[in-house]
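What follows is a short report on a single structure.
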Amino acid sequence: MANYFNTLSLREKLDQLGVCEFMDRSEFSDGVAALKGKKIVIVGCGAQGLNQGLNLRDSGLDVSYTLRKEAIDSKRQSFLNASENGFKVGTYEELIPTADLVINLTPDKQHTAVVSAVMPLMKKGSTLSYSHGFNIVEEGMQIRKDITVIMVAPKSPGSEVREEYKRGFGVPTLIAVHPENDPEGKGWDYAKAYCVGTGGDRAGVLKSSFVAEVKSDLMGEQTILCGLLQTGSILCFDKMVEKGIDKGYASKLIQYGWEVITESLKHGGISGMMDRLSNPAKIKAFQVSEELKDIMRPLFRKHQDDIISGEFSRIMMEDWANGDKNLLTWRAATGETAFEKTPAGDVKIAEQEYYDNGLLMVAMVRAGVELAFETMTESGIIDESAYYESLHETPLIANTIARKKLFEMNRVISDTAEYGCYLFDHACKPLLANFMKTVDTDIIGKNFNAGKDNGVDNQMLIAVNEVLRSHPIEIVGAELREAMTEMKAIVS
């Protein structure tokens, strides 16, 4: 199979990268009607599969699960997830032939095998859905021309898809229709109905394309969402220990600090996060983050270039074919890092202390979010897509580190995200080696404000605030967060 994106002309590539429209809630006024009475069969019952299925069923839709015969016979976790929640479970041969909508929610590396197995069983005129377009865009999977192909991609882990739905809300979602597979022109109707069924219409929906979703998703997860959080965790911990900070304190500051710091990012963007610092600390964090952006920009651009060209997918799929040799080696090595092996200390850290003693972490978040956004938009990805794949998802990933450190983050994210995370981390740590030699405990481990009078140059502070607040990610972020807030108010 040929990489689909690379078969397109330059103009077609730019057109598909640029598909991005924030949809008005009125566009979802038909609710789930387009799928009412239709048989929905979900392939796979992991976190996304189970939680999306629960939401769809609670929205009045007919949902069942199909698994490989061996998974059913051996009662694997996927079988238990579905059966213990009262869903009908059957083999491909039993359920696929009568399905109107088949939703593929298996791991990325299984998509080619799964789709190749189910497609011959799918009835004429049925619909196939993905929550990530890697199989279509990067692997170039060819779907039978009578089959409609859609994508509904919630921008959060599966557990949050369910929890937000139970609260009467949802999570921001991207929807798309593959232009090569919309024979009856009903793809958008099905995608919108599916999105309503998961609750996504209540939190903000972007009309996207398979290409835009894949190229932006890969970039975000490799750089700021996973890669830089892993690099930052290891470097900050090692620096604190080197400078004599208690290991338990250092471990706790990092493990829970990302979550605390990015919570303000979620509500107020980069400006809201930086506003949690004192004026002198804000100026220092700004200066540090500017230096980090200059150092890391070539690496971010290389990752984006390799994603756009298909080089990243090529080397990752080679590792798939080699039994994940590199992935498993890198995963094991991460588990042996000092940060990962050091338990969080039994010490109380107040919320503000995470900011005051973690200035370098704040600077890394600002640098990483802005760089990811800038690099994506330079490549033709629209601001809204770039926002969701950078700033919006950072708090969600930070939450996984708070639970069980980097192991949990890498367990929860997709296989493509984990592979890209390790590639970035291995390149970024040596890139930052000279910078880290200049770092002391005033910006990581101890309070930057200690012994200072809190005075700053007014013009410098004004200039810093202006740069922060005028960045394009702040402008589009404010609009998208306001839309989400308005919808949440309507729902509640």
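Each Cβ is built from the backbone N, Cα and C atoms, and glycine gets one as well.
Annotation source Swiss-Prot lists domain 'KARI N-terminal Rossmann' at 17-208, citing sequence analysis. Per Swiss-Prot, NADP(+) binding site is recorded for Cys45, Gly46, Ala47, Gln48, Arg68, Arg76, Ser78, Asp108, Lys109, Gln110, Gly158, and the stated evidence type is sequence analysis. Annotated active site per Swiss-Prot: His132, in sequence order. Taken from Swiss-Prot, the feature domain 'KARI C-terminal knotted 1' applies to 209-353. Taken from Swiss-Prot, the feature Mg(2+) 1 binding site applies to Asp217, Glu221. What Swiss-Prot records for Asp217, Glu389, Glu393 is Mg(2+) 2 binding site, and it gives sequence analysis as the kind of evidence. Feature annotation from Swiss-Prot assigns domain 'KARI C-terminal knotted 2' to 354-487; the stated evidence is sequence analysis. Taken from Swiss-Prot, the feature substrate binding site covers Ser414, and the record attributes it to sequence analysis.
Mapped onto this structure are the features recorded in Swiss-Prot.
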residue	record	DSSP class
Cys45	NADP(+) binding site	coil
Arg68	NADP(+) binding site	coil
Ser78	NADP(+) binding site	helix
Lys109	NADP(+) binding site	helix
His132	active site	coil
Glu221	Mg(2+) 1 binding site	helix
Glu389	Mg(2+) 2 binding site	helix
Ser414	substrate binding site	coil
Residues other than Asp217, Glu389, Glu393 within 8 Å, Cβ to Cβ centroid, of the Mg(2+) 2 site?
Lys155, Ser216, Met219, Gly220, Glu221, Leu225, Tyr388, Ser390, His392
Rounded to the nearest Å, what's the C-alpha distance separating Arg68 (NADP(+) binding site) and the residue listed as 'substrate binding site'? Just drop the number here, would you?
20
Argmin Cα dist to the residue listed as 'substrate binding site' over the binding-site residues Cys45, Gly158, Glu393 returns Gly158
Farthest-apart CA atoms of Cys45, Gly46, Ala47, Gln48, Arg68, Arg76, Ser78, Asp108, Lys109, Gln110, Gly158, residues recorded for NADP(+), distance in Å:
21
About how far apart, in whole Å, are the alpha carbons (Cα) of Cys45 (NADP(+) binding site) and His132 (active site)?
16
Looking at the binding-site residues Ala47, Ser78, Glu393, which has the shortest Cα distance to Glu221 (Mg(2+) 1 binding site)?
Glu393
Within 10 Å of His132 (active site) (Cα to Cα), which of the binding-site residues Ala47, Lys109, Gly158, Asp217, Glu389, Glu393 do you find?
Asp217
Cβ neighbour count (10 Å, all chains) around Arg68 (NADP(+) binding site) is 20
